[in-house]
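Worksheet: the structure to be examined is printed underneath.
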Amino acid sequence: MSRLIFEHQRRLTPPTTRKGTITIEPPPQLPRVVPPSLLRRVLPFLIVILIVGMIVALFATGMRLISPTMLFFPFVLLLAATALYRGGDNKMRTEEVDAERADYLRYLSVVRDNVRAHAAEQRAALEWSHPEPEVLATIPGTRRQWERDPRDRDFLVLRAGRHDVPLDAALKVKDTADEIDLEPVAHSALRGLLDVQRTVRDAPTGLDVAKLARITVIGEADEARAAIRAWIAQAVTWHDPTMLGVALAAPDLESGDWSWLKWLPHVDVPNEADGVGPARYLTTSTAELRERLAPALADRPLFPAESGAALKHLLVVLDDPDADPDDIARKPGLTGVTVIHRTTELPNREQYPDPERPILRVADGRIERWQVGGWQPCVDVADAMSAAEAAHIARRLSRWDSNPGYIRSTSTGSATFTTLLGIPDASALDVASLWAPRPRDEELRVPIGVTSTGEPLYFDLKDEAEGGMGPHGLMIGMTGSGKSQTLMSILLSLLTTHPADRLIVIYADFKGEAGADIFRHFPQVVAVISNMAEKRSLADRFADTLRGEVARREQILKEAGRRVQGSAFNSVAEYESAIAAGHDLPPMPTLFVVADEFTLMLAEHPEYADLFDYVARKGRSFRIHLLFASQTLDVGRIKDIDKNTSYRIGLKVASPSISRQIIGVEDAYHIESGREHKGEGFLVPAPGAVPIKFRSTYVDGIYDPPRAEKSIVVHALPQPQVFTAGRVEPEPDTVIATGDVEVHTAPPRKLIATIGDQLAAYGPKAPQLWLPPLDEPIALADVLAGADVEPGQLRWPLGEIDKPFEMRRDVLVYDAHTAAANVLIHGGPRSGKSTALQAFVLSAAALHSPRAITFYCLDYGGGKLADLADLAHVGSVATPLEPERIRRTFGELEQLLRARQRQGAVNRTGSYTDGYGEVFLVIDNLYAFSRDNTDTFNTRNPLLAKVTELANSGLAYGIHVVITTPNWLEVPLAMRDGLGLRLELKLHDSHDSIVRVAGALRRPADSVPADQPGRGLTMAAEHFLFAEPALSDIAVINARYPGVSAPPVRLLPTDLSPDALAPLYPAPETVVIGQREEDLAPVAVDFANHPLLMVFGDSKSGKTTLLRHIIRTVRENSTPDQVAFTVIDRRLHLVDEPLFPDNEYTANIDRVLPAMLGLSALIEKRRPPAGLSAQELSRWTYTGHTHYLIVDDVDQIPDTPAVSGPFVGQRPWTNIVGLLAEAADLGLRVIVTARATGSAHAVMTAPLLRRLNDLQATTLMLSGNPTDSGKIRGHRFARFPAGRGLLLTDTDTPDHIQLVNPLGDAALSGNIGNNGNHNRGGEYR
């Protein structure tokens, strides 16, 4: 059966209706009656009594005193009484109330006429859109046939009859006081008007089947079928077969009730035929209909679902009470499918009504709907259509078919993106034709939608001077207005028709919506920047990019103009004229910048208002065009931005005032809300121009390419066939062959993606004006490979510096030759400080040998530097648990510094000859380091001063300092100037930042992301990112230098033999007692100048061993005439140590006092005699040997007076204490030992120890309990290995030393002392 193509035309304009709100003034209020007070009620009566009294008095006196004044006075009082009685009454008079009531009733009559006018307009519009069923037969073949599109309000709204419908205009009464105070007659009149006029009586009403998944119809079969026929007749008359399909399953399909459906093109099955033509969705069973509908229902989402592109809606009629409506799709409902099921089963009384699946009852010409309370009237007068009338309409429609080239869209009706641009198939673009050169007048001029008259709306981005609307524009639209849809339409039209050498785009969305990300792969798109609200660095980067592009274009115009014409070009137009004249210049494409949600950007970054103003002013000449888009317009924030815009686009806005600000009138506010009105707006092409109403094309939907036409060939002679509603089988000798049809197996793709992929594969990409931010980690290997740094130059890369203004990234390079060779890295917790040090060390090691660079590390930052301990370039890694290694590290570096200062360690070849090369002291976490090794008197680590010295003095001698700290304030002031290279990572508090930008409202530190370790700022406020090191590279680097490593840090031995320090007696009375930790030099005690020595330590700390070493060394290097010993050894530890003959050794306490008295008497004799002259005194010297008083464990000897014997009342140390101050001159040497525990108290109470401490005797503090609160000369004891201690001289500068162990050889030989005690293993005692 052949059909004619129905040519669609633009829909006739229906009668207009006025919407909005009709505000009604409230009725007048009755006056409130306030009861008078008692005084006001009584006062008139008192005045009357007074008047009567006066008159009586006048007559009682014979009226002799009557005068005109006296006669007038009673009348005045009478008038006053009357005024009080009447004037005090605040009641409104009846006449006034009547007058106000009459005025209000006249006002209501005017309102009633206005409301009736609204109702009449609404009725006319409804009658136009939903005429009587009898009128439908006149529609086929006219312009109104199939007039409804998805964008129309009445799309898929099917008339069901007549009913009272609400008035479109809302009636609102202004706020009033309590209704009790209203004038009753006026109030009743108002209530009557509202009750009557709020509805339009007996108006056409319909069912919006787009919002219904199922309609259950109950009633007599004939009556229900008549109603359903009326609904279907409405549907097929107004809706194109491409937008609406009809399907039926009825046992009596061939009866007159439904056989007429066979004539409708809406029931055709696509690409399928039977013996008489197209197959039909008409079956006798639900199962058969389900099978036939399966392809059409396969990919539909569940009901309800939002869809950008309208699906073909299906009306599925089941005229079978026994059928299951859910059996059609075996699901509760599908989008775009409405099942109309006629049944006889009444709903259960407890059944809850479903608004998406209504149950209707057709009876007595009415339609009722099942609600919670039972059946409620739905349609007062139901439409009904006989089978004959329906067949008549179907036959009239049967001759027509829809135009396959007429594509309908929810946005623009028949005008789509592809039709407006003349693209037959967006999946097979002719890019060469689309990007072909065009005249300047046609450039940047593209259709983006249609106007209210159906004409294409052209968006011309060119400058006004070139005939366009630009260069800059403003678009405002609230949420749901279609702002993103309009922006996408503009972008896609421009990008589809312009190559990258004519147009490039930057899309910036501050709010973070990802809708524009689909444009990211277009070749003309420089960048799609989203989520700037959460990543402030993106906003700063965007600003730098705009400033940089303005500067770049200005520089290009200057250089090209001077080369071509001797002076700079004033604009890109002159630049392009030079290209047209034959000069070889690169193209300069127009830059189109879309700033979406720019008001939110200005709220967070107010300084960007000046940026946009600057770019808008300068960009006009440089072809940088800006389109500002937002949901609202904050005049206070945007400053002069709106003054720099020429064209305006106003979509649906939130208030009339915003509409007036954008387009000059309130029309943008009155745009209707709803999905069907998205993308509607007004374009003002120039200031003061008349707004043009338009609707933008919808480009964000799935694109379905046009399919090849399917031909049906019948190879048989024509034979008459009976045309039935059901399937007609072909004749036996008839063969139906179908042509090959292309099957699209690819997944659905959006139109934008379909076009973007083709453009990306064809054309060159835009210049790289935007580099992605430093969000992704950078491997150190990649940085080393990409950096232009030669090995061995004492320069190595650390990461990358981001320079969006120059539109490039530079390598962050450390240069040891510059003044910035000392490095400070400061950042908050987990900011990547330790990883940065790893990158620093590994990068240097990758380019230098261990002889050229060495590292010595102090790991206070959590252990990451310890991972570098195996690197050949690392001499040592010390942790806070290794204080000795830390001290030795500084000792080695100080010794190296002194050596290089003495000999200027750089030879003629420019390298160091001491084997260390360039030395780096690396301290991770200076804050923790500075608070280590502290006490009450030393709140900072004493070693911090050595770091400061190295930072300030070591640079000239190849010694560098690299430190990290959580806070710049933790760096000592004296050290700061020596730290030339300062890198700042993310800080806990941006107020601690030392990076400043002049004139900036915000600190640059605020823009550093918190979740990206290694990201930071240079002192020039440039963002950088440290490279990510790989510890697996350590083995690779070590393999390059087999057998070569950095000099290790030498530690003090735990068992020091005398041979290691020979000679032990380098000068008279100078005894080498051990080795100093700082420089590993021998430590000697010069008893001639420092005759007093105190040794404190706990058991087995080395006290007695030191005494043994001193005795042995002095005895072996002296004669009995030179030296004598007095040894007091309470515990017999020194009994086996031989002395000179006649020397005193005692372990008996009773012998201590006589020995001390004899020694003191001997020493006293060495004083010069009285009567010597000054010259004799200057030449006076004592004669005799030097006497060494050695007391082991002096704290064990009681200092109490003797209670018996010849020395009653005398103390052992009294006479010796008086000689200590002159011990050096009198040849007395005093060496005492004592326990560390309690020693602080002992030096304050014991006479001998107190005097020695007062004289600043040389003090050796061996191992002791650190929890002991006592201190010796400001120093607390610590746990040391045996023989290790702290030596305090008269300068109070402590030296950590290791004592000589003279017992080592004896222990190895197994000697046994004279007292029978075995020296176990050569232990210190």
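Glycine too: its Cβ is placed from the backbone N, Cα and C atoms.
According to Swiss-Prot:
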type     : residues                    : note
TRANSMEM : 42-62                       : transmembrane segment
TRANSMEM : 65-85                       : transmembrane segment
DOMAIN   : 454-660                     : domain 'FtsK 1'
BINDING  : 477-484, 827-834, 1097-1104 : ATP binding site
DOMAIN   : 808-994                     : domain 'FtsK 2'
DOMAIN   : 1080-1268                   : domain 'FtsK 3'
Could you say whether, by DSSP, GLY1102 (ATP binding site) belongs to a helix, a strand or a coil region? coil
Let me know the DSSP-derived helix, strand or coil state of SER831 (ATP binding site), please. coil
Averaged pLDDT score, the domain 'FtsK 2' (808-994): 91
Take the Cβ of GLY477 (ATP binding site) and count every other Cβ within 10 Å, whichever protein chain it belongs to. 29
Including all protein chains displayed, how many Cβ atoms other than that of GLY480 (ATP binding site) lie within 10 Å of its Cβ? 14
For LYS483 (ATP binding site), which of the three DSSP-derived states applies: helix, strand, or coil? helix
Using a 10 angstroms cut-off on Cβ to Cβ distances, just flag whichever of SER831, SER834 is the loneliest among these binding-site residues. SER834
Cβ neighbour count (10 Å, all chains) around GLY828 (ATP binding site) is 19
Long-range Cβ list for SER1099 (ATP binding site), cut-off under 8 Å, min separation 6+ in sequence, same chain only, gives ARG1235
Taking the Cβ of LYS483 (ATP binding site) as the centre, how many other Cβ atoms fall within a 10 Å radius? 25
DSSP-derived class (H/G/I helix, E/B strand, else coil) of GLY477 (ATP binding site): coil
